Structure formats: C-alpha cells, structure tokens
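For 9-38, the entry in Swiss-Prot reads repeat 'ANK 1'. The annotation repeat 'ANK 2' is assigned in Swiss-Prot to 42-71. Feature annotation from Swiss-Prot assigns repeat 'ANK 3' to 78-107. Taken from Swiss-Prot, the feature repeat 'ANK 4' applies to 111-140. Marked as repeat 'ANK 5' by Swiss-Prot: 145-174. Marked as repeat 'ANK 6' by Swiss-Prot: 178-207. Residues annotated as repeat 'ANK 7' in Swiss-Prot: 211-240. As annotated by Swiss-Prot, repeat 'ANK 8' applies to 246-275. Among the features that Swiss-Prot reports, repeat 'ANK 9' is placed at 279-308. According to Swiss-Prot, the repeat 'ANK 10' annotation covers 315-346. Marked as domain 'SOCS box' by Swiss-Prot on the basis of sequence analysis: 442-505.
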Amino acid sequence: MDFTEAYSDTCSTVGLAAREGNVKILRKLLKKGRSVDVADNRGWMPIHEAAYHNAVECLQMLIHTDSSENYIKAKTFEGFCALHLAVSQGHWKITQILLEAGADPNETTLEETTPLFLAVESGRIDVLKLLLQHGANVNGSHSMSGWNSLHQASFQGNAETIRLLLKQGADRECQDDFGITPLFVAAQYGKLESMSILISSGANVNCQALDKATPLFIAAQEGHTKCVELLLSSGADPDLYCNEDNWQLPIHAAAQMGHTETLDLLIPRTNRACDTGPDKVSPVYSAVFGGREECLEMLLQNGYSPDAQMCLVFGFSSPLCMAFQKDCDFSGIVNILLKYGAQLNELHLAYCLKYEKFSMFCSFLKKGSLMVPWNHTSEFISYAVKAQTKYKAWLPHLLLAGFDPLILLCSSSWVDSASDDILIFTLEFSNWKRLPSAVEKMLSVRANSSWALQQHLASVPSLTHLCRLEIRASLKAEHLHSDIFIHQLPLPRSLQNYLLYEEVLRMNEILEPAANQDGETSKAT
C-alpha cells in the first residue's frame with residue numbers, strides 16, 4: 001500500500017474536517033460522538049491531519065476529546081506522530097500545543113528520525129528552540145544512518161542552527177554509521193560557513209571516516225577550493241592517507257576529478273613520496289584514470305614523473321599503459337605523457353595493436369620504442385597474433401623500423417596462426433636460408449600444406465637482398481625509425497627505395513609507410 005498518497009475515500013469525516021481546518025463541522029461531528037482515532041490508508045488519524053495542516057483549533061478540540069498519551073503519541077504507518085508532522089512543516093503553535101499535551105520531543109519514526117532533526121531540516125529556528133526547551137536531545141542518532149541534527153545543519157549550511165546546537169552541547173565530533181562527522185559533511189557539500197563555525201569550535205580537521213577519508217580529501221574530490229584552502233590553513237594534513245592501502249591522498253582526488261584550482265593548492269603542500277615511491281600511487285595515474293589532461297599537465301609541469309611507478313593497485317606498469325584502458329579518445333593523454341618524456345616499450349606497442357591504434361603504433365616506432373630492452377615479448381606477440389588480419393597496417397612499419405623478424409618466427413603461435421602471405425612477408429626481412437633449426441622445423445611443417453610457402457623457402461635469396469640485409473643491419477637503430485635517413489644516403493633513388501623494401505610492399509599491395517597514415521597520426525605524434 002502507498003503510505004505517501006492520501007486516498008480521500010479512506011479518510012474519516014472527522015479526519016477530513018481536521019484536514020480542511022473546518023472547526024464548525026468538526027464540532028458537530030464530535031458532538032455526535034464520531035471517533036477521533038479512525039486511520040486512513042497511510043495510518044493518519046485526525047490528530048495527524050490537524051497537526052500537518054496547521055489546524056490549531058481543530059487540534060485543540062481533538063486533544064480535548066481524547067487527551068490520552070496513546071492518542072497524542074499515535075503513529076502513522078511510517079512511524080510519524082503528530083509532533084513529527086507539525087515540526088516538519090514548521091508549525092510553531094501546533095508544536096507547542098503537542099509538547100504541552102505530552103508529546104515526546106525525542107520520539108523517532110520508522111526511519112529513526114527525531115522531531116529535532118525535522119526542525120533543522122525545515123529551517124525553523126523557533127521550532128528548534130521550542131523542542132530544546134522541552135528536552136529534545138541534541139546528541140545521539142537523529143535519523144537513519146546515524147546522522148545527528150548537527151550533521152543536517154552542517155549539510156544545509158544553516159549557521160544560526162549550527163551555533164545554537166553547539167551552544168546546547170551538541171558533540172562536534174559526532175559520527176554517523178560511516179564515521180562521518182559534521183565537518184566532513186560541510187566539506188563534502190562545500191558549506192564554507194558551516195566549516196568555519198565547526199573549526200572555530202574545535203572540530204578535528206584531520207578526522208577520518210571509516211574508509212579513512214578526511215574532510216580535506218572529500219573537499220578536494222568535490223572541487224570545493226575555498227573549503228580546501230580553509231582546511232589547509234587550519235592545519236589539515238594533505239599527507240594523511242585516505243584509504244586502507246595507504247596511498248590515496250587529497251591530491252589524487254583533485255587530479256582524478258579534474259579540479260585544477262584545488263590541485264594547484266595541493267601540489268606544493270603534498271609530500272613527493274607519492275610520485276615514484278614504491279607501494280604508492282602517483283597522482284599522475286589519477287589524472288590519467290580520470291582522463292584529466294589539464295591536471296596531468298599541471299602535475300608533470302611541477303616535476304611529477306610521467307613514468308611514475310609500477311602500479312599494482314590498478315595493475316599497470318606505467319601511466320601510459322593505463323591510458324590505453326580509457327574508453328574515450330586517449331590520444332591527448334598519450335601526447336602529454338610523451339611530451340614530458342614518458343618511456344615507450346613493447347607493452348605500449350602491444351596495446352596499440354589491441355585497440356587497433358595503428359597510426360599511434362607507427363608514431364611510437366618513430367619515437368624509439370624498439371630501442372629499449374624488451375621484457376614483455378610474449379604479451380606483444382599475443383596481441384600481434386590477434387592483429388594479424390590487419391597486418392598491412394602495422395607489420396611493415398614494425399619490420400622496417402628494424403624489428404627482428406625472428407622474434408615472430410620463433411613463436412609457434414605466430415607461425416601457426418599466420419596466413420601464408422604474412423609468413424612470406426615476414427621472411428622477406430630475413431635470410432630464410434639461414435634460420436634457426438627450430439624455426440626451420442616449424443616452417444617446414446607449415447610448408448607441407450602450402451605450395452606458396454614451400455616455394456618461397458626453396459628459393460635462394462638474391463645477392464642484392466643479402467646486401468640489403470647487411471646494410472640495414474649496419475645502420476643504427478635510430479636511423480630506421482623513418483625513411484628520412486635512408487633517403488639521405490649518397491645512393492641512387494632506386495637503391496634507397498630497395499633498402500626500404502619498396503618492391504616487396506608493392507608486391508603485397510601495401511601502401512608505402514609514409515602514405516599509410518590516417519587522421520590518428522596527428523593526434524599521436
């Protein structure tokens with residue numbers, strides 16, 4: 001049954017008269033002996049109707065008819081007594097009548113809400129004072145989840161109410177079921193004046209909720225810069241860890257949520273142990289996780305490392321690896337990290353293949369991702385295998401950049417899954433007559449079912465091809481990042497093109513690497 005909507009056909013005539021404040025009709029009904037305790041579909045009796053609708057005379061008549069404690073304290077199906085309803089609407093006179101008739105100022109609803117809490121919620125300071133005069137308790141739980149009236153006043157930013165409650169002895173450090181204090185609530189909702197009053201009264205600026213979050217952390221998370229400023233000037237500790245794993249700080253919250261002004265306040269005040277320290281998490285990760293380019297650049301400009309530390313919490317070896325996990329376009333994040341010197345490795349190439357960012361893959365090759373020691377070769381190969389169907393978009397670039405084709409050819413997963421065209425193309429970057437025995441064995445097995453591969457393996461590499469391999473092997477790795485260096489060699493253009501495998505690319509109907517780019521390139525370089 002719906003306890004929030006009043007059905008008129010369930011309300012008694014006495015209840016309707018009280019609801020409408022019709023004293024004349026109510027008097028007639030009472031003289032006829034009509035009952036005053038008939039409830040409607042919500043459990044509302046006439047006394048509830050009169051209290052809610054501010055029908056003072058009707059209420060007095062009802063109490064005169066039945067002044068018993070049971071009637072005065074009768075509750076609706078939601079646990080509201082007449083006092084709750086009167087206070088919720090800010091009816092001072094009704095509240096006074098009920099209190100003098102014996103209503104309990106500390107009675108709770110089914111949701112554990114007290115009249116004092118409802119008075120704070122309604123913003124009626126006069127009703128609040130009336131309840132306090134009649135013994136309302138300012139401490140303890142006043143609503144579900146353990147919120148106290150001081151929590152609610154802090155949430156609403158009602159300075160007069162906060163001062164009154166504190167004056168009456170309200171505990172400034174009272175906690176709800178989650179360990180949250182009124183100061184935390186004020187910080188969360190940006191109530192600067194509430195915070196100022198609470199701090200002036202001695203509230204602990206470094207209090208922590210059950211999840212270890214502090215007022216400074218929540219203010220930073222919500223971007224309440226003035227609140228952050230007040231907390232810092234009042235002694236809040238920006239290095240107090242705000243989670244069980246002892247790594248999360250206010251600076252992380254600001255960076256993740258994109259609050260640049262707040263971040264600007266926290267950067268110079270936060271200890272740099274979080275930057276690259278072991279078992280910590282750099283706020284650079286937080287900025288990347290939130291996709292906050294401006295915050296990321298701010299951190300890097302202020303000296304935070306673009307490589308941070310290996311992040312076991314998120315399962316990434318670097319912020320650049322994390323960037324690939326974003327659902328949105330992450331090229332801007334990648335650009336910023338590279339701008340400030342992020343180190344590239346094979347994992348980043350692997351993620352380019354995983355997410356089919358082939359132009360970014362080519363850009364990473366040009367930036368020297370093949371020059372660093374490889375520690376994740378198996379992971380790279382696994383993604384390379386999955387990207388075989390689109391090999392023309394990335395494999396030529398990889399091999400032309402100096403990648404050793406034997407790394408692929410030594411992998412059974414690559415050889416077993418690759419088409420004949422892919423295997424033959426890969427072999428073109430090697431001396432296929434001098435392959436390791438294990439590779440020869442795998443390829444011979446494949447060749448048994450492939451005439452084209454069998455024919456290629458049986459052929460003898462030309463002298464010009466072997467010379468090409470030797471010349472390319474003699475070049476420094478950085479000279480193979482692009483075709484610029486080779487085009488500058490004192491050789492005929494035809495030989496330059498030969499060193500760049502132009503005839504192999506043409507035979508395989510592959511666009512020249514310089515032309516095989518799309519709109520993604522400009523974003524990735």
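Cβ coordinates are placed from backbone N, Cα and C, and glycine is handled just like the others.
The list of residues near the repeat 'ANK 2' (42-71) in space but at least 6 beyond its ends in sequence, with Cβ under 8 angstroms from a Cβ of it, reads 3-6, 11-12, 14-23, 26-27, 30, 36, 77-78, 80-83, 85-86, 88-89, 91, 93-94, 97-98, 101-102.
Using a Cβ-Cβ cut-off under 8 Å and counting only residues 6 or more beyond its ends in the same chain, the repeat 'ANK 5' (145-174) has close neighbours at 114, 116-117, 119-121, 123, 125, 128-129, 132, 138-139, 180-183, 185-186, 189, 191, 193-195, 197-198, 201-204, 207. Note on the repeat 'ANK 9' (279-308): mean pLDDT across this stretch is 96.
Under 8 Å from some Cβ of the repeat 'ANK 7' (211-240) lie the Cβ atoms of residues 178-179, 181, 183-184, 186-192, 195-196, 199, 205, 248-251, 253-254, 256-259, 261-262, 265-266, 269-271, 273, all in the same chain and six or more residues away from its ends. When Cβ-Cβ distances below 8 Å are used as the criterion, the repeat 'ANK 3' (78-107) is approached by residues 3, 42-43, 47-48, 50-52, 54, 56, 59-60, 63, 67, 69, 72, 113-116, 118-119, 121-124, 126-127, 130-131, 134-137 of the same chain, each at least six residues removed from its ends.
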